[in-house]
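Here is what TrEMBL says about this protein:
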TRANSMEM  40-58  transmembrane segment
TRANSMEM  112-134  transmembrane segment
TRANSMEM  187-205  transmembrane segment
TRANSMEM  225-248  transmembrane segment
TRANSMEM  293-316  transmembrane segment
TRANSMEM  328-347  transmembrane segment
TRANSMEM  367-387  transmembrane segment
TRANSMEM  394-415  transmembrane segment
TRANSMEM  435-456  transmembrane segment
DOMAIN    471-539  domain 'STAS'
Amino acid sequence: MIIKPSQLTKVKGDRETYEAWLPILSWLPRYKLKWLQMDLLAGITVGLTTVPQALAYAEVAGLPVQYGLYSAFMGGFIYTLLGTSKDVTLGPTAIMSLLCFSVVGGQPHRAVLLTLLCGLIQAVMALLRLGFLLDFISFPVIKGFTCAAAVTIGFGQVKNILGLKDVPHQFFLEVYYTFYKIPEARIGDVVLGLLCLAVLVMLMFMKMGLGSEDVPPCSRLARKLVWAVATMRNALVVVAASLVAFSWDAYGHHVFTITGKTSQGLPPFRPPPTSDTMANGTVVSFGEIVEDFGGGLAVIPIMGLLESIAIAKAFASQNDYRIDANQELLAIGVTNIMGSFVSAYPVTGSFGRTAVNSQTGVCSPAGGIVTSVIVLLSLEFLMPVFYYIPKACLAAVIICAVAPMVDYHVVANMWRIRKLDLLPFVVTFLMSFWQVQYGIIAGVAVSGAMLLYNMARPQIKVLKYSVQDSLSSGLSFPATEHLSHIIHTQALQVSLPRSVVLDCHHVSVIDYTVISELRDLLRQFKLRDVQLVFSRLQV
């Protein structure tokens with residue numbers, strides 16, 4: 001049988017197409033036993049980090065704690081098939097939990113429906129190659145939002161550290177009532193919460209203090225032990241605090257506010273609800289629910305994509321491989337779509353867990369499967385144990401997780417490099433305390449206005465002695481009036497009209513509106529018997 005070169009080319013093209021849509025086909029055929037060992041180690045380590053964080057983030061989302069675990073396992077399976085980064089782990093995060101609460105207000109049915117809609121939007125964006133839209137969300141907007149989110153989430157947990165009840169969730173009211181109710185603080189929660197915070201901070205600094213220089217074998221072993229304990233600090237602290245709460249409860253001393261009863265077992269696989277029933281029996285239709293979601297239905301999918309792709313790019317650069325941004329969009333979208341069938345709320349990439357995954361030496365996305373299995377085992381067998389987890393302990397885990405998100409260095413850097421960038425940062429930061437989704441929308445609007453202003457007012461250097469206008473950027477329709485005004489005031493409306501040389505060396509883009517305006521300018525120059533000359537035009 002003779003195989004023609006054209007047939008070989010077609011087979012190779014088909015294979016590349018399959019690998020582009022299913023990246024697992026590119027690495028599974030060369031999977032090694034050594035990879036399996038490292039993926040198992042990384043998956044177990046990340047799993048022990050994921051379980052306590054998922055429980056804590058469900059509190060931020062205002063949902064029962066089991067919903068954090070419902071949201072934590074689907075990503076590992078889907079991302080193994082569709083993801084292009086070996087390091088990224090998908091699951092609940094602090095920011096997505098806050099956004100989810102701001103939109104659905106802690107209503108589980110609506111959170112699940114929101115997950116489906118977010119997944120559909122993300123998948124459609126991936127299929128239509130719309131990932132470039134994320135480029136319009138500037139760095140100051142992202143930083144302003146993350147700093148405000150960290151403050152909102154962190155302060156929101158102070159009430160759990162103090163053991164306070166009936167504190168409103170709106171940020172400004174929350175601040176007022178938290179201080180107002182301090183006399184009602186429970187001593188047991190305060191002591192336990194502060195102790196957990198102290199232990200978590202100590203272990204975090206111990207991990208950061210581990211050097212990388214050559215050390216004797218015995219010291220190397222001790223450092224590995226310290227690294228392992230510090231990496232699993234959340235799980236260890238939660239277990240220790242739960243034992244303390246169980247011990248006191250067993251002797252009849254209810255000194256801690258505990259999580260309480262949770263649903264045991266795996267979530268049922270079923271379509272998300274498309275309607276909701278209020279406490280008074282009123283049925284809310286699908287259209288009314290979507291209307292209630294408002295701007296959050298645009299903000300949450302985009303922020304989820306932005307967060308995950310930024311993480312994937314950072315670790316791809318660090319570990320010397322490349323990712324496909326549109327394929328990442330598809331992986332997140334499909335994860336949310338499938339997650340909605342197991343009662344998950346919206347997820348994205350987690351920077352902290354991805355860092356643990358990378359540092360443990362994961363070799364492929366298959367490590368996520370191990371993590372997902374640990375979450376499923378926790379759901380099936382450990383839910384009764386979670387009854388005794390103190391809320392003060394979960395609050396300490398959340399505060400330590402979001403504290404690094406407050407990046408005050410970025411303000412100094414923006415002030416030094418371009419002070420105007422502080423405007424969208426400040427607008428986003430302040431507006432996010434009112435409603436987080438409005439903060440992002442306002443920041444993007446301000447950034448967009450600044451971008452449009454630069455397009456409408458390009459830098460034009462007027463060299464009067466050589467009668468020359470030098471354009472330093474492209475020309476598009478918002479800039480026509482500005483350019484026309486400068487030429488009129490500098491050349492046509494003076495006592496003696498002068499010729500103008502328009503240096504177009506840096507102009508690479510021009511549109512029909514600009515052409516029409518230039519045609520009109522040429523006519524006016526001819527009427528005054530002077531010239532408008534276009535210099536160094538690019539073909």
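Any Cβ shown, glycine's included, is placed from N, Cα and C.
Just so you know, TrEMBL annotations never went through curation; they're auto-generated.
From a predicted model like this one, the values you see are computed outputs, not experimental measurements.
Between the transmembrane segment (394-415) and the transmembrane segment (112-134), fewer than three CB pairs separated by 6 or more residues in sequence fall under 8 Å, so the two stretches do not touch. Counting Cβ pairs under 8 Å to the transmembrane segment (328-347), the stretch among 40-58, 112-134, 225-248, 293-316, 435-456 with the most such contacts is 112-134. Segment contact is absent for the transmembrane segment (293-316) and the transmembrane segment (187-205), given fewer than three CB pairs below 8 angstroms at sequence separation of 6 or more. Computed over the domain 'STAS' (471-539), the whole-number mean pLDDT of the model equals 78.
Tertiary proximity for the transmembrane segment (187-205) is limited to same-chain residues at least six positions away from its ends with a CB under 8 Å from its CB atoms, namely 160-163, 229-230, 233-234, 237, 241, 244-245, 248, 255-257, 390-393, 395-397, 399-400.
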